[in-house]
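**Student:** Taken from TrEMBL, the feature active site, proton acceptor applies to 21. As annotated by TrEMBL, Ca(2+) 1 binding site applies to 22, 25, 27, 29, 31, 43. The substrate binding site annotation in TrEMBL covers 118. Annotation source TrEMBL lists heme b binding site at 148. Under the heading Ca(2+) 2 binding site, TrEMBL lists 149, 204, 207, 212. Annotated disulfide bond per TrEMBL: 23-28, 76-284, 155-189, in sequence order. The annotation domain 'Plant heme peroxidase family profile' is assigned in TrEMBL to 1-288. Annotation source TrEMBL lists site 'Transition state stabilizer' at 17.
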């Protein structure tokens, strides 16, 4: 992970996102890593994943090293969970102990990926319900959203926001700094046209390669990049989430502590089937023959 993050700091965000997308679909079981085969439809081509997931080769390299040292011992699910923790540390975030012993699934959840994962333009109550379904609280949701302090977003996912209520939430008319930021976003992502959909920008425009609490300051300025981000602070239904955003903006250590605790909870979402049918894959992309 150190080599991967040194070569490109964005790799930290890729691996954290992979872990999140894995755990929200039938638990933290490495199912997100599976390639499509004749007999299995993986999750990689689900609409919520197809353009947003990278970092698979990093996990492949870690797995290859482990298999040469201690074959058949460490699951891909455990690798991904530890790699996500290490990714956060390597860009300045907190450390937490990772409980181990996950098994790799022999199935994937293509339909569940679209049903369970929050999307960029989703409303606050819908996102909260998806976290509650996984056994995660509103506090967990706000803290885990703070992972958006690193990583990039595609134009397709923030277009609706920057041509929607961005000016209103950021008090754009009276704030020249915010106006120039919005102008920059609109130059990256024009109002129409498929050609620009894959253009990217940092989700945290202040310290995009450092894991800190800058994301929450952005929300308080009304400059959250995606609708789902800004909803945490600006939604009329978000009294609890707004208070947490203010807390984590004011208290970086409180954010780090809660993020660590919430990542442990996220990593402990289990796939009950894999207790019985799970395995330790030799290659993270394919179930063992």
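Each residue's number is its place along the chain shown, starting with 1.
Cβ atoms here come from the backbone N, Cα and C positions, even for glycine.
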**Student:** Within 8 Å of the Cβ centre of 22, 25, 27, 29, 31, 43, which other residues of the chain have their Cβ, at the recorded Ca(2+) 1 site?
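**Tutor:** Here the non-site neighbours turn out to be 21, 23, 24, 26, 28, 30, 32, 105, 108, 109, 112, 271.
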**Student:** Based on Cα coordinates, which of the following recorded positions are within 10 Å of the residue listed as 'active site, proton acceptor': 28, 148, 149?
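**Tutor:** Final answer, ordered: 28.
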**Student:** Among the recorded positions listed here (76, 148, 149, 204, 207), which has the Cα closest to the Cα of residue 22 (Ca(2+) 1 binding site)?
**Tutor:** 76
**Student:** Quick one: which residues besides 149, 204, 207, 212 have a Cβ within 8 Å of the Ca(2+) 2 site's Cβ centroid, in sequence order?
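**Tutor:** Counting only non-site residues, the set is 150, 206, 208, 210, 211, 213, 214, 215.
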**Student:** Looking at the recorded positions 29, 31, 155, which has the shortest Cα distance to residue 204 (Ca(2+) 2 binding site)?
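**Tutor:** Of the recorded positions 29, 31, 155, 155 has its Cα closest to that of residue 204 (Ca(2+) 2 binding site).
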**Student:** Where residue 28 (disulfide bond) and residue 76 (disulfide bond) are concerned, what is their Cα separation in Å, rounded?
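**Tutor:** About 10 Å separate the Cα atoms of these two residues.
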**Student:** Please work out the number of neighbouring Cβ atoms within 10 Å of the Cβ of residue 22 (Ca(2+) 1 binding site), leaving out its own Cβ.
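**Tutor:** Excluding its own Cβ, residue 22 (Ca(2+) 1 binding site) sees 30 Cβ atoms within 10 Å.
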